[in-house]
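Undergrad: Found this in TrEMBL, in case it helps:
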COMPBIAS  A:1-10  compositional bias 'Pro residues'
REGION    A:1-24  region 'Disordered'
TRANSMEM  A:36-57  transmembrane segment
TRANSMEM  A:63-84  transmembrane segment
TRANSMEM  A:91-111  transmembrane segment
TRANSMEM  A:117-136  transmembrane segment
TRANSMEM  A:143-164  transmembrane segment
TRANSMEM  A:184-205  transmembrane segment
TRANSMEM  A:226-244  transmembrane segment
TRANSMEM  A:250-268  transmembrane segment
TRANSMEM  A:297-321  transmembrane segment
TRANSMEM  A:333-350  transmembrane segment
TRANSMEM  A:357-376  transmembrane segment
TRANSMEM  A:382-399  transmembrane segment
Amino acid sequence: MSPTSAPPFLRPFSTGGTGAGRTLPFGPRSAGDTGLLPVIGALLLVWAVFGILNPAFLSAENLVSLTLQSAPVGVIALGVVLVLMVGQIDLSVGAVSGIAAAVVVVTTVLLEWPLPVGLLLALSVGVVTGLGYGVLTTRLGLPGFVLTLAGLLVLTGIQLRVLGPRGSVNLPFESGLVRFAQQGFLPPAVAWGAAAAAVAVVTGLRVAERIRRARAGLPRMGLPGLVLRTVGLAALLAAVVGYLGTARGIGYPVALFVALVVLVDVLLRRTRWGRSVRAVGGDRASALLVGVAVRRVTVSCFVAGSTLAALGGILAAGRLAAANQGTGGAETYLFAIAAAVIGGTSLFGGRGSAWSALLGVLVLTSISNGLTLLNLDTATRYIVTGLVLALALTADTLLRGRAAPSVP
Amino acid sequence: MSTPSARDTRSTHADPILSLRGVSKNFGGVRALRDIDLDVRPREVLGVVGDNAAGKSTLAGIIAGAHRPDAGRILVDGRPVVLGSPADARRLGIAAVFQNLALCENLDVVENLFLAHEPTRAGFLDEVAMEREAWDLLGQLATSVPSLRAPVRELSGGQRQIVAVARALLGSPRVVVLDEPTAALGVRQTAEVLNLVERLRERGHAVVFISHQAADLQAVADRFVVLRLGRFGGELDAAGTGYEDLLAAMTGASRPSGRKHG
């Protein structure tokens with residue numbers, strides 16, 4: 001067999017894609033995945049609990065801060081979603097974000113290069129790293145789990161070298177990156193316009209699809225369902241834009257993050273590439289037999305993952321107006337991977353959604369933000385976050401158990 | 001062992017679509033197939049029967065382009081061809097459904113049918129066209145697949161087999177090779193697949209049905225080729241061949257009552 005059929009990064013307690021059936025007391029699922037409902041429920045629960053414990057948690061100003069905190073690690077988590085979807089893992093996303101932050105800061109501050117050059121250089125670090133992982137896993141069959149662990153060490157070392165003996169470099173507050181990340185907010189007219197455009201486009205596409213399906217004699221979404229979804233989407237967007245608008249509003253990094261989530265979502269669900277990603281993550285050997293370009297798809301996910309990680313690091317540097325040896329440190333990759341999994345993206349590959357990055361990171365940031373408001377320390381935060389992750393992992397594994405064939 | 005030329009002369013009905021002449025295949029020191037001759041004619045179900053290690057799967061692999069024979073010739077419409085890959089075979093109108101089916105369990109029926117060959121519209125997946133074609137195809141096979149949007153993991157073994165066969169039919173192949181399609185199935189699902197084989201014949205496909213389950217073959221095959229330990233073990237016409245004759249030919253317990261032609 002080709003190296004692409006080598007075992008994926010880890011397969012804990014797995015019976016393999018077509019292995020012996022494992023029956024769980026759930027019965028067959030009705031249709032599709034349970035999707036995002038669990039994480040939406042978790043988010044509402046977390047907000048209810050913290051809102052009761054400290055009403056300041058649900059204030060518009062605090063929620064604006066929460067979204068700003070979420071954006072950098074959320075962008076990294078979005079990359080993690082892509083890598084997990086294809087059945088791989090990248091443990092070095094934190095290190096990539098750290099090195100990207102260091103590159104931007106050092107090139108613009110110490111070397112006084114123009115900001116766009118620094119940004120391009122930082123992003124290309126992500127591209128090259130992802131290419132390296134992709135080629136080594138698909139051509140040589142190296143396991144991604146250990147390969148990216150090695151990458152983590154190497155990249156962290158380079159990050160320290162780039163930062164030099166001082167170990168920390170500050171960005172001036174008038175830097176374009178800092179202004180973008182800290183002080184840039186969508187003007188209300190733009191925010192409302194974008195929300196209205198989103199509703200219009202989504203509804204327009206649904207109506208068009210409905211008409212085509214009717215013409216083709218296929219079952220189609222009922223009219224009440226269509227109206228309900230449109231009203232629901234409009235209400236949700238209006239609530240978000242309106243409520244955040246009573247404070248500072250929607251920050252540029254947040255808008256960028258949401259736009260990237262929408263883009264990745266469309267790519268995953270509506271393009272041949274996205275379908276190949278799910279096929280490769282679900283059953284690599286079958287995808288190969290059918291003619292999916294397994295190697296190319298895997299490499300593209302590694303590249304996208306590392307590049308998004310680099311972008312997350314750039315946003316983090318802008319938000320902190322600095323890069324130091326701790327930027328992108330241990331917490332970052334753990335939180336990014338945890339966010340993806342809590343959001344409902346499977347560690348086993350083939351199942352997930354771009355929105356799981358957004359929702360998962362909101363859950364994690366809400367927990368950390370809420371505990372801080374209650375004056376609880378980092379220790380509590382780690383423990384609670386760890387427990388939430390364990391819960392999400394349990395759900396993931398049980399879902400996979402259900403996925404195991406119960407019929408030969 | 002009779003000579004190929006002797007066998008050639010017997011064909012009186014339609015010219016074969018696909019012919020194997022003197023095909024042999026070794027894996028290392030193991031002689032998996034030796035000097036096999038075979039003709040597949042339009043609108044017929046050719047049953048290839050044999051016990052374990054008779055070379056059935058090797059034969060399926062050779063016809064489907066997954067294995068290259070070490071000796072012998074393959075002819076399509078009387079012209080010698082080289083089947084270097086499954087894609088080559090498909091281009092020549094030969095599609096195979098292997099025993100493991102190669103379905104992605106996390107994808108639904110439509111997604112599996114069109115995987116790696118999805119039609120697009122302005123760069124995006126054309127779900128309407130795919131679903132439409134899937135309905136047509138599965139409708140022709142009169143199948144009991146519950147929902148086109150159900151993940152394959154929710155389907156029974158027989159339904160999965162149907163999905164895999166439907167996918168093989170998308171390129172309108174002339175020859176469909178089924179490798180042990182009933183091996184893992186229960187009684188009812190086996191009946192479903194046997195029905196499907198008959199419908200393939202009605203649609204005008206030639207079917208090479210490879211199995212060690214003589215009873216299943218007997219239900220649908222027009223003709224049998226028996227493989228025994230990698231060698232040609234006789235050819236039997238469906239009419240007048242009993243279950244015992246097949247078993248005898250498979251195991252070599254007694255010689256089949258000669259080659260019969262209808």
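Glycine is no exception: its Cβ is also placed from the backbone N, Cα and C atoms.
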Undergrad: Would you call the transmembrane segment (A:91-111) and the transmembrane segment (A:143-164) in contact, using three or more Cβ pairs under 8 Å, pairs 6 or more apart in sequence?
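TA: Per Cβ check, the transmembrane segment (A:91-111) touches the transmembrane segment (A:143-164).
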Undergrad: Assess whether the transmembrane segment (A:117-136) lies in contact with the transmembrane segment (A:357-376), where contact requires at least three Cβ pairs under 8 Å among residues 6 or more apart in sequence.
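TA: With fewer than 3 qualifying Cβ pairs, these stretches do not touch.
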Undergrad: Give me the stretch from A:36-57, A:143-164, A:226-244, A:250-268, A:382-399 with the greatest number of Cβ pairs under 8 Å to the transmembrane segment (A:63-84).
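TA: Most Cβ pairs under 8 Å with the transmembrane segment (A:63-84) come from A:250-268.
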Undergrad: When you look at the transmembrane segment (A:184-205) alongside the transmembrane segment (A:250-268), do they share 3+ Cβ pairs under 8 Å, ignoring any pair fewer than 6 residues apart in sequence?
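TA: In this chain the transmembrane segment (A:250-268) contacts the transmembrane segment (A:184-205) - 3 or more Cβ pairs sit under 8 Å.
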Undergrad: What same-chain residues lie close to the transmembrane segment (A:333-350): Cβ under 8 Å, and 6 or more beyond its ends?
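TA: Sequence-distant neighbours of the transmembrane segment (A:333-350): 8, 10-11, 14, 33-36, 38-39, 42, 73-74, 76-77, 79-81, 84-89, 91-95, 152, 278-283, 309, 312, 356-361, 363-364, 385, 388-389, 392-393, 395-396, 399-400.
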Undergrad: Are there residues at least 6 beyond the ends of the transmembrane segment (A:297-321) whose Cβ is under 8 Å from a Cβ of it, and what are they?
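TA: Counting only partners 6 or more residues beyond its ends, the transmembrane segment (A:297-321) has Cβ contacts under 8 Å with 4, 68, 71-76, 78-80, 82-83, 85-86, 88, 90, 92-94, 96-101, 104-105, 119, 122-123, 125-127, 129-131, 133-135, 137-138, 144, 170-173, 175, 177-178, 180-182, 253, 256, 260, 273, 276-277, 280, 327-328, 336.
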Undergrad: In the same chain, which residue numbers or ranges, 6 or more beyond the ends of the transmembrane segment (A:184-205), come under 8 angstroms Cβ to Cβ?
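TA: Apart from its flanks, the transmembrane segment (A:184-205) reaches 226, 230, 233-234, 237-238, 240-241, 245, 248-253, 255.
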